[in-house]
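Comments concern the structure below.
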Amino acid sequence: MFLSSRMITSVSPSTSTNSSFLLTGFSGMEQQYPWLSIPFSSIYAMVLLGNCMVLHVIWTEPSLHQPMFYFLSMLALTDLCMGLSTVYTVLGILWGIIREISLDSCIAQSYFIHGLSFMESSVLLTMAFDRYIAICNPLRYSSILTNSRIIKIGLTIIGRSFFFITPPIICLKFFNYCHFHILSHSFCLHQDLLRLACSDIRFNSYYALMLVICILLLDAILILFSYILILKSVLAVASQEERHKLFQTCISHICAVLVFYIPIISLTMVHRFGKHLSPVAHVLIGNIYILFPPLMNPIIYSVKTQQIHTRMLRLFSLKRY
């Protein structure tokens, strides 16, 4: 599929800070877009429906108004927002509605994508902390995780996720973009815009690396450390049945952590060492990074968490009758 003359003009090199950017999508597979739109539309529908159902079950069931499920609702809300932040551009390309995005819209989308990624990492860390207290210090669980403290934790997560990424995102607005305005994904990422800029991007590059280390890497280390302490506490329990029961309460969270971090590591490795891979492979990994956690988390918690599983079945049985 060839670009129109108007589109070529809009994505040509310029020093304007108000130009449009071309969203490439699955380059070279434009003829298959109508077919690709079917699975992607289904995935987005499952993301939105699954996370809304988790939120609905927790909201309407008084017995689930506990710290563990409050944190799960934060995770579901984060996943829901992640799906909403990319649905317009991803499906817009596949449906033939859009091919371009303005700089302001691109910056806003990258802000929400990266902010929500940091937020998901923070929520997963908080859920690990919740499991640590529940297993290692159960007698003080309710006194430590009070409702007021949970609200403060939630506000801290939001502030931590979106405040610290503001400086590099604001800088994107004032860069000159003198390379061809062609993005390598179906959505906007900070590193994609940096690649097109001809301004001094050292601050953004170093700052972004610092954020990855201080948030994503630090969270992963703290989650691992919390599970080392949890495992030590579980192994100290004499009864094998009790050990199994305690470990079962952590299975869902462990799966959610793997579902979040494996795509991030894969995307990082592809960007770092996958220069020989086709553009389609890069776009596919990018979409897995965006869509896999929001798709899988409702499934994981609906299957592995007994309270959610029971109420989901009850919800579907009510809808049938």
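A Cβ is built for glycine as well, from the same backbone N, Cα and C atoms used for every other residue.
Here Swiss-Prot flags 1-34 (among others) as topological domain 'Extracellular', drawing on sequence analysis.
The N-linked glycosylation site annotation in Swiss-Prot covers ASN18 and rests on sequence analysis.
The transmembrane segment annotation in Swiss-Prot covers 35-55 (among others) and is backed by sequence analysis. Away from its own ends, the transmembrane segment (35-55) comes close to residues 26, 29, 72-73, 76-77, 79-80, 83-84, 87, 90-91, 94-95, 287, 291, 294-295, 297-299, 301-302, 308, 312, 315 of its chain (Cβ-Cβ under 8 Å, at least six residues beyond either end).
Annotation comment: Swiss-Prot describes 56-63 (among others) as topological domain 'Cytoplasmic'. Sorting the topological domain 'Cytoplasmic' (56-63) by DSSP state (H, G, I as helix; E, B as strand; all else coil) yields 7 helix, 0 strand, 1 coil.
Same-chain residues lying 6 or more positions outside the transmembrane segment (64-84) and placing a CB less than 8 Å from one of its CB atoms are 44, 47-48, 51-52, 54-55, 57-58, 112-113, 116-117, 119-120, 123-124, 126-127, 130-131, 134, 141, 145, 150, 154, 157, 256, 290-291, 293-294, 297-298, 301, 305, 307-308, 311. The transmembrane segment annotation in Swiss-Prot covers 64-84 (among others).
Taken from Swiss-Prot, the feature topological domain 'Extracellular' covers 85-108 (among others), and the record attributes it to sequence analysis. The average pLDDT for the topological domain 'Extracellular' (85-108) in the predicted structure is 92.
The Cβ of CYS106 (disulfide bond) lies under 8 Å from the Cβ of PHE21, LEU183, CYS188, LEU193, each of which sits 6+ residues away along the same chain. The disulfide bond annotation in Swiss-Prot covers CYS106-CYS188, and the record cites sequence analysis as its basis.
The annotation transmembrane segment is assigned in Swiss-Prot to 109-129 (among others).
As annotated by Swiss-Prot, topological domain 'Cytoplasmic' applies to 130-148 (among others).
Feature annotation from Swiss-Prot assigns transmembrane segment to 149-169 (among others).
The topological domain 'Extracellular' annotation in Swiss-Prot covers 170-205 (among others).
Taken from Swiss-Prot, the feature transmembrane segment applies to 206-226 (among others), supported by sequence analysis. Same-chain neighbours of the transmembrane segment (206-226): 117-118, 121-122, 124-125, 128-129, 131-132, 160, 164-165, 167-168, 190-191, 257, 261, 264, counting only residues six or more beyond its ends whose CB sits under 8 Å from a CB of the stretch.
According to Swiss-Prot, the topological domain 'Cytoplasmic' annotation covers 227-246 (among others).
The feature transmembrane segment is assigned by Swiss-Prot to 247-267 (among others).
Only residues 6 or more beyond the boundaries of the topological domain 'Extracellular' (268-282), in the same chain, are considered here, and those with a CB under 8 A from a CB of the stretch are 24, 26-29, 184-185, 191. What Swiss-Prot records for 268-282 (among others) is topological domain 'Extracellular'.
Among the features that Swiss-Prot reports, transmembrane segment is placed at 283-303 (among others), with the record citing sequence analysis. With a threshold of 8 Å between CB atoms, the same-chain residues lying at least 6 positions outside the transmembrane segment (283-303) that come near it are 24-27, 40, 43-44, 46-47, 50-51, 53-54, 72, 75-76, 79-80, 82-83, 86, 90, 113, 120, 184-187, 189, 252, 255-256, 259-260, 263-264, 266-267, 270, 309, 312.
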By the DSSP assignment reduced to helix, strand and coil, which category contains CYS188 (disulfide bond)?
coil
Are there residues at least six beyond either end of the topological domain 'Cytoplasmic' (130-148) with Cβ under 8 Å to its Cβ atoms? List them, or say none.
67-68, 71, 226, 229-230, 233-234, 246, 249-250, 253
CB neighbours of CYS188 (disulfide bond) within 10 A?
26
Intrachain residues whose Cβ lies under 8 Å of the topological domain 'Cytoplasmic' (56-63), provided they are six or more past its termini:
69-70, 72-73, 76, 307-308, 311-312, 315
Hey, does DSSP put CYS106 (disulfide bond) in a helix, a strand, or just coil?
helix
